[in-house]
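**Student:** Quick one: structure below, then a few questions.
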Amino acid sequence: NQTAVTEFILLGFGDLPELKILLFLMFLVIYMATMFGNMLITALVVADQHLHSPMYFFLGNLSCLETCYTSTTLPRMLASLLTGDKSISVSGCITQLYFFCALAATECCLLAVMSYDRYLAICKPLHYSTLMNTRFCLQLAAGSWLNGCLVTDIFVLFMSQLIFCGPNEIDHFYCDLIPLIKLSCGDSHLIILLNFILSCIFTLPAFLLTLTSYVCIIATILRIPSTTGRQKAFTTCSSHLIVVTIFYGTLMIVYILPKHETLSVLNKVLSLCYTVLTPLVNPLIYSLRNREVKEALSKAVSKYMAF
């Protein structure tokens, strides 16, 4: 009842009106390819017995997450480009922020779990099957999803108490955290402090685990005497390393970059990397660089053609 502003205006790429149709078609193709690719990976992991291993179980979870993750921002942006309606209600904005943050936090955890899985497979191969058993895999996956939801529940509960009574334009294509906090009329120091604390408790450990796992993996690979052995070991984790680099690299640049108006376009372009590019390249990287996935896809196509 205290909220004076009832809706926000997502400016998106409004400064490029002449490219509106081109941007719509481009993002529509990207969205369709992302959904198809990730759903295909998930279906293959579920259907093919040869992919019923910890690595592919986590890959299936990641692909399932990416279909949800990309759906929090792209459909709204496509509707805006098509109709020209850039408005979004305050409750709709907070809801979008909730799902985006929850899925992003879950992805951080899943990427950490996948890197730990590769660490055990390469650095402790003799104990891998014992350590990474079915029960432990389920616990890691469930813990990742619960962690993402828990941290976001706490944060969005406080975010929903903010009062918005001034400007209502968000210079972004989705309801991002920092632009939203800037629009609040009350004291935002507490929410900024809470964001920092929750990040340190829930998401920073996941990043450090990912980093530590790959330091150990690379050190182990470099100690392998044969070139063939090093190549084989690196192939098992290179796909995941590419996804991790794109996701964390662009995410860090966006949130470290100074928040000047002159850098707003660069900020939006880099944001596309972790909101749009990562979900798109995930199935491409894992399918094109992975023999087991290509074999499963080939068998699935053969069965389909037989009918």
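Even glycines carry a Cβ here, placed using N, Cα and C.
TrEMBL feature annotations, pasted as is:
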type	residues	note
DOMAIN	37-286	domain 'G-protein coupled receptors family 1 profile'
TRANSMEM	21-47	transmembrane segment
TRANSMEM	97-116	transmembrane segment
TRANSMEM	136-164	transmembrane segment
TRANSMEM	190-222	transmembrane segment
TRANSMEM	234-257	transmembrane segment
TRANSMEM	269-288	transmembrane segment
**Student:** Considering only Cβ pairs within less than 8 angstroms, which of the stretches 97-116, 136-164, 269-288 has the most against the transmembrane segment (190-222)?
**Tutor:** 97-116
**Student:** Under 8 angstroms for C-beta pairs, at least 3 of them, ignoring pairs fewer than 6 apart in sequence. Is the transmembrane segment (136-164) in contact with the transmembrane segment (97-116) by that rule?
**Tutor:** yes
**Student:** Under 8 Å between C-beta atoms and at least six residues away from its ends: which parts of the chain pack against the transmembrane segment (21-47)?
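**Tutor:** 13, 56-57, 59-60, 63-64, 66-67, 70-71, 74-75, 77-78, 81-82, 276, 279-280, 282-284, 286-287, 293, 296-297, 300.
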